[in-house]
Amino acid sequence: HRPSRTEFGSRNVKMATDLGELLVPYMPTIRVPRTGDRVFKSECAFSYDSPESEGGLYVCMNSFLGFGREHVERHYRKTGQSVYMHLKRHVKEKATGAAGGAIPRRRNGKIFLDLELNRDFNGDGYEYEDEAKLVIFPDHFEIPLPNIEELPALVTIACDAVLNAPSPYKKQESDSWEEEIQVSRHARSLRQQENGVRIPPSGWKCAKCEMRENLWLNLTDGSVLCGKWFFDGSGGNGHALEHYKETNFPLAVKLDTITPDGADVYSFDEEEAVLDPHISEHLLHFGIDMLQMQRTENGHHTDNHVQPRVSDWEVIQEAGLKLKPVYGSGYTGIKNLGNSCYLSTTMQVLFSIPEFQRAYVGNLQRIFDYSPLDPTQDFNTQMAKLGRGLLSGQYSKPPMKSELIEQVMKEEYKQQQRGISPKMFKALASNGHPEFSSNRQQDAHEFLLHLINLVERNSSGSENPSDVFRFLVEERVQCCQTQNVRYSQRVDYFMQLPVPLEAASNREELIAYESKRKEAEENMRPPPEPVRARIPFTACLQAFTEPENVPDFWSSALQAKSAGVKTSRFASFPEYMVVQIKKFTFGLDWVPKKLDVSVDVPDFLDLNRLRATGLQAGEEELPDLTPPIVIPEDTRAPEIDESSVMQLAEMGFPLEACRKAVYYTGNMGAEMAFNWIIAHMEEPDFAEPLAVPTYMEPDLPSPSLPSTSALDNQPPEESISILTSMGFPRHHTIQALKATNNNLERALDWIFTHPDCEDESEAMSDTADTEPNDNSFSNANAHSDSSLSPDQDLSSPRVRDGPGRKCLPNTEYHFNFPRWLIYNDHKVCLSERPPKDLGYMYFYRRLSSC
């Protein structure tokens, strides 16, 4: 039975004569929040109801989860928990005095909930009164709070703790070790060597080993070295510390922590993390201009010297225009949580797609009914909650007619659009991610890719809505000397278009501007009005199709390194083509620069000429050979990092096993070798001496096995070693890396979501799983279902390639709509001048064909 609104709101309060006796059966279920417990007293776990909502919020006195009136009964039935604290905040406009101003409200104790004011209008013109009571289910006995005299001491303490609990999203700053960091005594007197060292913005590795993580830049001589290795597998090989012992250069900065706000600095001499007030000067000595690394509104860095005539932000906001607000289903805004525009824009677009609506909002009741005991930590629950919040219209209602009349009489207009605040969703989706869990601005493209990973990981056994973005790319690699070719396929989700500045239609105007800018700079005059480059979309598309050089290409036809080129085409076309304009680049000074360009993106997009064709008549395939692995003649024994061997041996592992672990992980450090040991310690030859051949013949193709891909298409051996050291079969890890474009995090997710691939014969070639043969390639092009083909191998990538079997898939896309909308945080309005030429990502929907 679900109580009606009348039962909840107007039922006379039922008071027991002896509250202590009434609560006795429920005492074991009432808890006092402990350190680490999160108390959700401002937001429902299944909706965006709050204490300010009409029905208030119910907080479970055992799990401290919050539930709106619509969902509290479900939690009671599922858990049997009977005691809830009901929180209600009453909001009303302040009375006005004779002078017309608001009468200031006295501090009368009516506000006692630690809640932020969840209102879009100015809180100074309104007053708030909070109400709390205990409610006992299923009979809905209500006990007003505070009631210290009549309640048991434990209940009183628990209620007080809940009412005063901080937000579950606030970090415990009092426990932060950062408060204890002191300024280093070396910071002011540090002498830096004039050795011409310049640190590039990417591609770092330790100067003494192959480590590419936990790297530290010595602030005296610019050496890049790895940090200390720890038992839990983190860290490096300790080369930064060794360098200090050899040179006594005391300060180092961790490379991946450098931001405009500072960086992590360690003093080897003081043996602790320290502060360096001169860090910007010390980094600039090596070409790192941290003060220029400032973010723009889109979540990217920009050069401070760019002065747009009318900022992109003003154009995108359609500043100066009176925009008409819209309300109802699909017109709900998302409040900005502080630099969270990247999340808002991504989620608004995703829930405008029918597949996402169906997967989460269409299955909402089933998702909610089968949610775990803590729904705040369940991805599907929070996606369904967000989707319903955006599509229900419940949080996007137009103002009442009486309110509009009152506003006209007062000659003021207040935006009443409430929107939703996705704090719970952001906390879950960004959990464990170093960037998205921060309050810094981020890239919407990177967040969408991160979200697709989460969707795939949580879609096992059910519809995966992200399949609408998935497509196959055919890569054709050609040896420039022999003209032989090889075809392979990989999965992708985005069409990334480069921006060829040399193709600007206003090139002469740009040249004149650059001349005036340099002249003004030389004469120390103000710079001229910047000129925005106008790039034809066709030029971007042409640049996308151009061949690119393959670095370190090994030709199996020559059995030697040679020049090679690669071209990419579409082996399938998705339901939605996401086009990203690559507007951002890095300068040598580490400052990411945004290209000030305008691209005339079309409403309709025909990609038919980019369809893959496969092996053509007259083309000769590269032989399926891999290069020989030769040990240099002057080195009979394998090169093994003895320092890593000793670190592992000190942990009690057999010496020979440690040597094998370090060798088979390519001297990548003790961390990788430790993972190898854990994965192989049960093998019978675990502790036997290492036996390494001095020469390995190239693998010859077996007539009984599918053809394999050559090494030029292999994922990096470093990535393969990392995954195989975790215990996964080599052929499975290569398949995963190929399917995810060599992204380690996504490859690991792919392995867990494709367990069937492990059952395939290990005798099969490492790369045959993803390398299509003639039949499979023909099927990929001939099948044109709008859903997955029933003939498709379960281990192959899930792609959609067209609406019907009797015609080729439609390759025409459009993103034009009957009307354009602008989602500006929680406000949603009709757009008057949509700035389509300044976009960053465009979502094209495929036109129906046949």
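Note: Cβ is positioned from N, Cα and C throughout, glycine not excepted.
TrEMBL assigns the feature region 'Disordered' to residues 693-715, out of the candidate ranges 164-186, 693-715.
The binding-site residues in question are Cys206, Cys209, Cys226, and the one with the fewest Cβ neighbours inside 10 Å is Cys209. Cβ neighbour count for His239 (Zn(2+) binding site): 23 (other Cβ atoms within 10 Å of its Cβ, all protein chains included). Same-chain residues that are not part of Cys206, Cys209, Cys226, His239 yet have a Cβ within 8 Å of the Cβ center of the Zn(2+) site turn out to be Lys205, Ala207, Lys208, Glu210, Met211, Leu215, Leu225, Gly236, Asn237, Gly238, Ala240, Gly669.
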